[in-house]
Amino acid sequence: MKFEDLLLETGGFGRFQILILVILCLPRINLPMHFLLHNFLAATPSHHCAIPHQEAFVNLTMEEVLLISIPREPDGTFKSCEMFSQPQFHLLLNSSLPSENKSIIQRCQHGWVYDHSQLTSTISTQWDLVCEQRGLNQATATFFFIGVTMGAVVFGYLSDRFGRKTMLLLSLVCSVVFGMLSAASISYSMLAITRTLTGVALSGVSLIVLPLAMEWVDIQHRTFTGILTSIFWSVGNMLLALAAYLVREWHWLLVAVTGPCLLSIVCLWWVPESARWLIAKGKVKQAHRHLLRCARMNRKKDFAVSPEALTRMATDKKPAGSYFYISLFRTPVLRKISLCTGVVWFGVSFSYYGMSMNLTGFGLNIYLSQFVFGVIEIPAKVIMYVLVNRVGRRQSQAWTLILTGLCIGANVVIPKSFTSLRSVVAIMGKGFSEAAFTTVYLYTSELYPTILRQNGMGYTSFVARLGGALAPLVFLLDEVWRSLPEVTYCSVAVCSGTVAFLLPETLNKCLPEGIEDIE
C-alpha cells in the first residue's frame, strides 16, 4: 500500500487538509514581507550634498542655492555625490554655462540632504549609505540571503532528522526574536548581523511549509496546494506595499512585518506532523494517531488501517535521519535531478529577485510598483494551475524561465522613450518570473523521495538563495555598462530554463517514497 492509497482511506482531500492549508498559508504570507523588505528598508530617496553655511544665502531661493553649490547631470538634475568647492555665483546669470574647471568639483564633504516626502527614515538616510557607501546598502539584502542560504542547509537536514513541524516552530520563534532585534539595531553592523540571522530563521519557514502541506494531500490536489500557497506569497507581496506605505520609519516597519509570525506560532498548534515522515522514520504509532484524526475530521468512520500495516509500508530499511545531502548525488538518476534542479533554482531566484528589487523606472512610486508587482503575480499563478496540469511540469518550468529572460532582454533594446512598452514588457517578465517560481516549488517537491525530500528542498533552496544573494549586487555592474545588469539576468534565466528540459516529468505520478522509486 502506498501513502496515496492511505490518504484515500482517510477521506482524500477534506476538512482536515483544508485546515492545514489555511494555517500553513499564514507564515507563507509573512515570507515576502521579509524577503522583499529591502525595497523599503534600504530605499534611497533623492539626495544631494549638504551645503555648509547656507544661512549666508538668505537672499537666494533654495533652487538658486543649489544652482551655485551643486553641479548638474547632463539631463539637468542636480548631482547626488558632488558639490562645488566654492559657490559659483556666475551661474545665477546663466545657469546653462558649463563648469569647465573640474578642479572646483569635489565629493560631498558635509554629509547629505535627503528628500523625505516619500520615506521618513531608511537605513540609507540613517547611516548615509549612498555614493561611496552604496555597496553597503545593496549588501544588506545580500547579508539577508546569505542567512537564508545557510538556513537552507541547516533546516533542510534538521527537518528530515527531527520532523517538519518541530523545525517549523523553531524557525518561527527564531524569526520573531531576530526580527525584533533587527528593529532595535543601533548600528549598521548590528543590523547586518541580525538580518543575516533573520534570514537563517525564515529559511526554515520557506523550506518546510510547502512540503508539509504537500505530504498531507493526494495526487489530484497537489497542484492546487502548490498554487494556493504560492498565491498567498503574492498576498504578502501586496501587504508589504500597504505596510510600507503606512509605516514610513524603518524600525517600526521591521516590527510590523515581524509581528504576524506570532499568529503563525499560535495557529501551528493545530497542524500535525507529516504522517509520511513519521512512517519513513518508523514512528508508526504517532502516524496512526494523526491519520485517525484526519479520518474523523473528514467524516471517514470506516478507517481501519492498523499500526502494523503502517510498519509494512516502510520503503527503505534506513531511517530517514540517516541520510544527508551527499545522498542526493550517490545514485545516477538522483544525481542528475539534483544538478539540474540546482541550476534551475539558481536561475529562478536570480531573475525573480533581480526584477523584484528594481522598483524604480517603472513609472509609478515604489509603493504602487510593489503593489502592482504583487497583483500581476496572481493571474500568472492561476494560468500556471492550468498549464502544469495540461502541458506538464517540465515544459512549464522551462518556458516560463526562458520567457522571463527574453522579456528582460527585450527591455535592453527597447529605447527609454518607449516608457509604456517597456512597462508592459516588464509586467510580462514579472508574471513569467513568478510563474517560474510557482512551478519550481511544486516540481521540486515531487522530484525527491520522502526520505530525502527536505534534504532536496534544503539543497535547492541553498542554491536559490545564492542567486538571491547575488541578485542585488548585480545592480552595481551598471557602473561598468548601464545595461550589464539586465543582460546578466537575461542570460542566466534563458540558460537555466534550457537545463529544465533535462528533468523528468512528474505529472500524475505518485510521490516517490524511497530512492529505489527514483532509480
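Placed from the backbone N, Cα and C atoms, the Cβ positions cover glycine too.
Copied over from TrEMBL:
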- 87-507: domain 'Major facilitator superfamily (MFS) profile' (DOMAIN)
- 12-31: transmembrane segment (TRANSMEM)
- 139-158: transmembrane segment (TRANSMEM)
- 170-191: transmembrane segment (TRANSMEM)
- 197-217: transmembrane segment (TRANSMEM)
- 224-246: transmembrane segment (TRANSMEM)
- 252-271: transmembrane segment (TRANSMEM)
- 337-355: transmembrane segment (TRANSMEM)
- 367-387: transmembrane segment (TRANSMEM)
Please identify the stretch among 12-31, 170-191, 197-217, 224-246 with the greatest number of Cβ pairs below 8 Å relative to the transmembrane segment (252-271).
170-191
Average the per-residue pLDDT over the domain 'Major facilitator superfamily (MFS) profile' (87-507) and send me the rounded value.
87
With a Cβ cut-off under 8 Å, give me the same-chain residues at least six positions beyond the ends of the transmembrane segment (12-31) that come close to it.
168, 172, 175, 202, 205-206, 209, 212-213, 216-218, 220-221, 225, 228-229, 232-233, 235-236, 239, 257, 260-261, 263-264, 267-268, 270-272, 293-294, 297-300
Let me check one thing: do the transmembrane segment (224-246) and the transmembrane segment (197-217) come into contact, meaning three or more Cβ pairs under 8 Å with sequence separation of at least 6?
yes
In the same chain, residues at least 6 away from the ends of the transmembrane segment (367-387) whose Cβ sits under 8 Å of its Cβ atoms read 32, 36, 39-40, 118, 223-224, 227, 230-231, 233-238, 240-242, 244-245, 355-356, 359-360, 396, 400, 427, 430-432, 434-435, 438-439
